[in-house]
C-alpha cells in the first residue's frame, strides 16, 4: 500500500500526534 501524505497526516493527527510523514513508503507519526 502506497503511503499518501494527506491520509497519513490526518490519521496521525486524529491519534493526537502533531503530524505524519511518509518515509520509505510507510506512515510515520511525529509527536513534535
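Glycine too: its Cβ is placed from the backbone N, Cα and C atoms.
If you look up Swiss-Prot, you'll see 3-22 (among others) marked as disulfide bond. Spatially close to residue 22 (disulfide bond) yet at least six residues away along the chain are 3, 4, 5, 8, 28, judged by Cβ distances under 8 angstroms.
Sequence annotations record features per position, and here Swiss-Prot assigns disulfide bond to 8-12 (among others) based on similarity to another entry. All protein chains considered, the CB of residue 8 (disulfide bond) has 19 other CB atoms within 10 Å.
Annotation source Swiss-Prot lists site 'Basic residue of the functional dyad' at 21. Secondary structure at residue 21 (site 'Basic residue of the functional dyad'), taken from DSSP and collapsed to helix, strand or coil, is strand.
According to Swiss-Prot, the feature disulfide bond maps to 27-29 (among others), an assignment based on similarity to another entry. Within its own chain, residue 27 (disulfide bond) has 3, 7, 8, 11, 12, 20, 21 as residues 6 or more apart in sequence whose C-beta sits under 8 angstroms from its own.
Following the DSSP three-state reduction, the secondary structure of residue 30 (site 'Aromatic residue of the functional dyad') is strand. Marked as site 'Aromatic residue of the functional dyad' by Swiss-Prot on the basis of similarity to another entry: 30.
The tyrosine amide feature in Swiss-Prot is assigned to 32; the stated evidence is similarity to another entry.
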